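Visitor: Below you'll find the structure I mean.
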Ligand code: B12
């Protein structure tokens, strides 16, 4: 009797001390819950009738503890409608994958998404888009999109038990500089999704050949070590915007970590501290951090039981508005440069109202001197993505892009979010990633 008790106590202690063991209690407590609610509400209020519905937002809301059933149902309907209209022609593979996860998390079958008397099989569509990615790698050496999206593809196909060879998937996601580094920097976001995808393969595919099983273990070990190497003293992993995804990856890979390698609660508190500062006001940033605040991961989507959800997230009808007082003006320097072929390097001094974002500076410069500062952009889930300056286009097949910098350092926010300060030296530079 006493021996059993001792063994049980030792077992419990080991469980607590085990890597990720601390994470057993790695969810917000009741006092912190209003911060999570705040993130959820920001995401809900951000939904804009004129912008395409965003699967990442529904996915995150479905993984939360508290729900507003009417809003979630409304989002699902809009997502299904958009999917049947646009998925075949205009979605990238990763967008199809995110839509699959959002449908599955809403207990709706991704193989039969219906709206306006049309039905689409998203799993079959993803299989086709995934094939096109592999074809582009064979021809150009790069995927049509990137390895973040290829990892999302593997994750979604695995969750839906689609025909996907674990041997091919693990070869695709094997360690490689070109896959996991963007602009010389290790992409924690990409690595995190690649871990989730391969943990899915490991747990959901029975009877994996030993060779494939070992390959997956090697890949995950490399990725987990790399993610942990990006952990900062304050608990942030990579930067604050990759931390949520890194938490998901680390929480499903505890058997790959040495005891004490990661303190989940420290990271959680660091993320919570950022919420009141508006760090996650971009709804995409909010959607990527929310699952980790709830101690959930994208691997949980197949385990959700929608009929058991509480309907306990009431929303006020009035959306929060910001005060409208005329702010003073500030002055910044703005440079556009071709950092690849060195064909141009032009600067201008621009005056904008205090509180303006980078994008505003670009617009003012373009108005003042369109021959030097004209630019184009596409609207993405994160906001405006700069695609060309002075007619020089970014090109995925050549791994070129327009990089945003402030005082010589790359920004961790986009042109639509980054608030500029007086005297700042801003730059948009044609670069290779
Ligand atoms: C791949 C990637 C890139 C590639 C995109 C090209 C390619 N080959 O696909 C490259 C390296 C060029 C890139 C550039 C930038 N990126 Co980036 N990128 C990513 C990554 C890893 C995956 C994006 C993706 O495919 N998502 C999945 C698909 C399904 O969603 P999607 O919305 O359709 O994806 C498109 C857009 O997201 C767009 N995109 C990529 N990055 C960014 C950043 C911003 C601000 C915008 C508006 C759009 C955008 O490209 C994607 C492919 O078409 C994410 C990581 C993450 N956590 O999301 C970071 C991420 C989105 N990027 C980020 C940043 C900051 C940038 C840059 C602003 C960096 C800089 N200082 O210049 C630039 C964008 C500048 C510009 N021209 O407007 C941040 C955004 C954080 C934030 N709060 O805004 C993220 C979250 C990484 C991070 N943790 O810091 N990126």
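Glycine residues also receive a Cβ, built from the backbone N, Cα and C atoms like all the rest.
Please treat TrEMBL annotations as automatic predictions, because they have not gone through curation.
Since this is a predicted model, take the numbers as computed values, not measurements.
Grabbed the feature section from TrEMBL, which reads as follows:
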| type | residues | note |
| --- | --- | --- |
| SIGNAL | 1-23 | signal peptide |
| DISULFID | 26-264 | disulfide bond |
| BINDING | 145-149, 189, 239, 288, 385-386, 402-404, 411, 433 | cyanocob(III)alamin binding site |
| DISULFID | 158-200 | disulfide bond |
| DOMAIN | 355-431 | domain 'Transcobalamin-like C-terminal' |
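What's the neighbourhood like for each of these?
Guide: Annotation note: residue 26 (disulfide bond) sits in a coil segment as assigned by DSSP.
Spatially close to residue 402 (cyanocob(III)alamin binding site) yet at least six residues away along the chain are 386, 387, 388, 389, 394, 428, 429, 430, 431, judged by Cβ distances under 8 angstroms.
Taking all protein chains in view, 23 other C-beta atoms sit within 10 angstroms of the C-beta of residue 200 (disulfide bond).
As a whole-number mean, the pLDDT of the domain 'Transcobalamin-like C-terminal' (355-431) in this prediction is 97.
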Visitor: Going by DSSP, is residue 402 (cyanocob(III)alamin binding site) sitting in a helix, a strand, or coil?
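Guide: The residue in question, residue 402 (cyanocob(III)alamin binding site), is strand (DSSP, three-state).
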Visitor: Fewest neighbouring Cβ atoms within 10 Å: which of the binding-site residues 145, 149, 239?
Guide: 239
Visitor: As a check: which entries in 26, 147, 158, 200, 264, the recorded positions, place their Cβ less than 6 Å from an atom of ligand 1?
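Guide: The qualifying recorded positions: none of them.
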Visitor: How many whole Å apart are the CA atoms of residue 239 (cyanocob(III)alamin binding site) and residue 264 (disulfide bond)?
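Guide: Rounded to a whole number, the Cα-Cα distance is 16 Å.
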Visitor: Measuring Cα to Cα, how many Å separate residue 404 (cyanocob(III)alamin binding site) from residue 158 (disulfide bond)?
Guide: 35
